[in-house]
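Everything below concerns the one structure shown next.
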Amino acid sequence: MGSSGDDGYRLLNEYTNGFMVSQVLFAACELGVFDLLAEAPGPLDVAAVAAGVEASSHGTELLLDTCVSLKLLKVETRAGKAFYQNTELSSAYLTRVSPTSQCNLLKYMGRTSYGCWGHLADAVREGKNQYLQTFGVPAEDLFKAIYRSEGERLQFMQALQEVWSVNGRSVLTAFDLSGFPLMCDLGGGPGALAKECLSLYPGCKVTVFDVPEVVRTAKQHFSFPEEEEIHLQEGDFFKDPLPEADLYILARILHDWADGKCSHLLERVYHTCKPGGGILVIESLLDEDRRGPLLTQLYSLNMLVQTEGQERTPTHYHMLLSSAGFRDFQFKKTGAIYDAILVRK
């Protein structure tokens with residue numbers, strides 16, 4: 001018989017209360033706690049933080065102390081009063097002024113992903129995403145559901161921008177891409193990977209190919225100082241002619257779709273691709289036995305509740321890519337969240 005002191009019960013409680021940890025993080029970001037502390041000339045007490053974020057002193061104190069335990073804040077006591085400031089972690093990832101800020105990603109996950117995950121049991125029963133149950137939006141056209149308002153589309157694109165601000169370099173240097181001077185980022189949204197390509201491979205040019213509403217949002221809300229090297233082109237990669245390129249980048253694209261749609265897209269790329277050209281697939285790869293990594297398994301469940309796809313093993317991607325005609329399959333586990341696959345025509 002287990003007891004409240006055994007390791008199994010403690011682990012169960014850690015899992016059970018995991019959603020509370022996420023909500024502490026989401027709430028502190030939404031309230032602007034980390035931004036307020038970043039802008040302050042020194043550590044702030046509870047009263048100053050509560051006033052700055054327009055919240056109750058009682059609730060603010062509870063939130064701040066929990067953030068300390070989560071190593072998101074640090075605290076010092078002076079004359080019996082607690083003063084709080086950001087840690088290196090929160091300064092790097094949870095303040096809007098940081099170049100590696102993840103604030104928009106957390107905002108998106110806290111409002112959209114978290115809502116869909118509340119219907120995980122329904123998603124498992126039905127085998128489909130939960131936009132209709134969560135937001136009342138039909139998901140027959142997946143990205144009409146994902147981009148269900150201008151605000152949601154911008155939030156999603158800002159989240160992608162932040163993902164690649166941290167993860168772009170590791171996947172774009174997994175292989176030497178200097179032999180591909182003309183690149184096309186299919187579904188490249190805000191152009192974050194395109195900019196990283198220019199930084200890593202001087203002299204290359206990148207076309208960002210995405211649906212018209214995404215391209216319009218990108219032009220309105222994201223800066224493109226490298227206008228001659230980055231071209232934004234409107235189109236649907238499932239049906240419109242694809243831009244000419246030496247390398248096509250599919251970053252977090254294939255995991256959105258079932259195998260049939262993936263095969264259709266890959267065949268379209270193959271027929272457009274020049275001999276010797278290739279595809280760089282960027283995804284979080286499951287181990288071959290599908291028993292891990294845990295984060296990738298969770299991402300695969302996220303694909304269930306939010307998309308039509310799943311995360312896959314290297315062998316699964318090999319099957320999809322080789323069936324479309326590609327050869328010279330290589331994959332590399334980067335040690336970061338996302339991995340890379342390179343194939344050629």
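Glycine is treated like the rest: Cβ placed from N, Cα and C.
For the S-adenosyl-L-methionine site, Swiss-Prot gives Tyr147, Trp164, Gly235, Asp236, Phe237, Arg252; the one candidate out of Asp176, Asp210, Asp246, Asp259 that the record lists there too is Asp210.
For the substrate site, Swiss-Prot records Asn302, Gln306, and the single candidate of Asp256, Asp287, Asp328, Asp339 listed with them is Asp256.
Largest Cα to Cα distance within the recorded S-adenosyl-L-methionine binders Tyr147, Trp164, Asp210, Gly235, Asp236, Phe237, Arg252: about 22 Å as a whole number. Note: the substrate site is recorded as Asp256, Asn302, Gln306; in the same chain, Asn129, His255, Tyr299, Met303, Leu304, Val305, Thr307, Gly309 also have Cβ atoms within 8 Å of that site's Cβ centroid. Across the fold, the C-alpha of Arg252 (S-adenosyl-L-methionine binding site) and the C-alpha of Asn302 (substrate binding site) stand 13 Å from each other. When Cβ neighbours within 10 Å are tallied across all protein chains shown, the highest count among the recorded positions Arg252, His255 belongs to His255. Neighbour counts were taken at the CB atom with a 10 A radius for the binding-site residues Asn302, Gln306; the maximum falls on Gln306.
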